[in-house]
Amino acid sequence: METPRDEAQKACVLGSGAFGTALAQLMARKGVPTTAWTRSQDVTDLITSTHENTPYLPGIKLSELVVATTEVSEAAEGASIVFVVVPTPFIRDFIVKHRDKIPTGVPIVVCCKGIENGSLLTPFEILEEELPGKYHKHLACLSGPSFAREVALGKPTSVTVAAKDMACASKVQEMVSDLNFRAYTSDDVMGLELFGAVKNVLAIACGASDGFEFGLNARAALITRGLAEISRMAVKKGASPLSMGSLCGVGDLVLTCTGSLSRNWTVGNRLARGEDLDTITTSMRMVAEGVKTASSVVALSDKMGVEMPICQEVFEVLHNKKPVMEALASLQGRPHSHDLSLELKHSEGWKSMGLGHP
Ligand SMILES: NC(=O)c1ccc[n+]([C@@H]2O[C@H](COP(=O)([O-])OP(=O)(O)OC[C@H]3O[C@@H](n4cnc5c(N)ncnc54)[C@H](O)[C@@H]3O)[C@@H](O)[C@H]2O)c1
Ligand SMILES: O=P(O)(O)OC[C@H](O)CO
């Protein structure tokens with residue numbers, strides 16, 4: 001039987017934490033043989049012998065079509081789609097070390113949510129910097145409300161796939177979608193990545209607020225004012241303010257700020273309950289990207305002259321040991337200001353879209 005256009009023959013997943021494993025399971029569910037690169041031999045052995053990635057997705061039986069290897073060349077060979085799911089702090093080293101093994105002419109889908117410390121670049125920007133030009137029109141990124149466990153279990157999930165070349169975004173959309181996983185396309189790569197990165201920092205604030213049992217009003221306010229912070233930065237960085245209404249915008253922000261499955265929310269929650277950051281992070285094998293991204297967001301907002309008070313307070317708590325209660329009080333005591341609707345109407349980005357005040 002002829003294979004339909006834009007259907008993957010083999011998928012390669014680079015990074016076998018919770019989300020990489022969930023994506024491997026998603027592709028296998030679609031009948032696509034999938035090879036996942038794991039950093040450690042013990043995870044490859046577990047997947048091979050038990051069909052379960054116990055450290056990252058315990059209790060979920062993986063398809064026989066998912067195989068694991070510690071060799072990037074083996075994972076990538078013959079792949080018609082590649083997912084990059086290595087946490088942001090390790091992406092650059094990973095790509096530099098393995099770029100000669102990454103196939104050309106097939107979509108490379110970046111699925112990480114963070115901003116690199118130092119360079120202040122997003123994962124997509126890092127790949128553009130480190131991969132030769134021949135890869136660039138094949139780069140896409142995928143984000144949205146998508147807890148790995150629910151994706152792996154085949155629970156209904158919808159995400160955004162963005163690329164600079166819409167043909168690439170559409171190709172990825174076709175390749176990843178099934179009845180339980182629905183992808184929408186976008187050309188706003190910067191918007192998708194900034195929302196995905198900064199929402200992790202805001203989820204730490206919401207986890208802390210929930211840890212103190214400040215209530216649902218406080219949490220809704222943090223989410224909404226958090227949306228204002230991201231939009232401010234995104235607009236100034238050239239992203240579309242309209243992406244705030246997307247799955248990769250408000251969708252993922254709401255999920256991560258309200259879901260106890262979130263690692264970032266959990267970090268904030270445990271901080272509020274009196275644990276210190278080192279204890280929390282060393283007890284987690286998984287990565288809460290918001291911890292390191294908080295430093296990048298504060299550095300980037302300073303550099304760009306963008307006000308991001310919630311992110312600033314999260315940074316103070318995480319990296320300058322400010323007591324959580326004091327940080328939350330600082331936010332409530334700030335000078336009065338405008339609602340986002342009024343603020344955006346006067347912003348240059350909004351005006352350039354013809355949406356500002358005349
Ligand atoms: N877990 C989710 O629900 C989810 C959903 C969407 C997106 N994401 C994003 O996917 C990315 C990966 O997260 P995850 O949840 O799959 O991972 P994880 O937190 O479950 O696991 C950590 C991963 O990092 C790897 N790692 C640790 N040190 C490394 C190093 N030095 N070099 C290379 N890899 C190293 C580990 O091998 C493991 O694969 C993150 O950017 C995350 O924000 C996660
Ligand atoms: O568990 P978290 O906080 O890393 O969030 C996971 C995903 O980003 C949710 O879409």
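Placement of Cβ uses the backbone N, Cα and C atoms for every residue, glycine included.
Curation plays no part in TrEMBL annotations; they are all automatic predictions.
Of the residues Arg225, Arg232, Arg263, TrEMBL puts just one in the NAD(+) site with Gly15, Ser16, Gly17, Ala18, Phe19, Gly20, Phe90, Ala148: Arg263. Annotated substrate-binding residues in TrEMBL are Arg263, Asn264, and among Lys61, Lys97, Lys101, Lys113 the one listed with them is Lys113.
With a cut-off of under 6 Å between the Cβ and any atom of ligand 1, the binding-site residues Gly15, Phe19, Lys113, Arg263, Asn264 reduce to Gly15, Phe19, Lys113. When the Cα atoms are compared, Lys113 (substrate binding site) and Lys199 (active site, proton acceptor) turn out to be 9 Å apart. Only Asn264, of the binding-site residues Gly15, Gly17, Phe19, Phe90, Arg263, Asn264, have a C-alpha within 10 angstroms of the C-alpha of Lys199 (active site, proton acceptor).
For ligand 2, the recorded positions lying close by, meaning a CB under 6 A from one of its atoms, are Arg263; the full candidate list was Gly15, Gly17, Phe19, Phe90, Lys199, Arg263.
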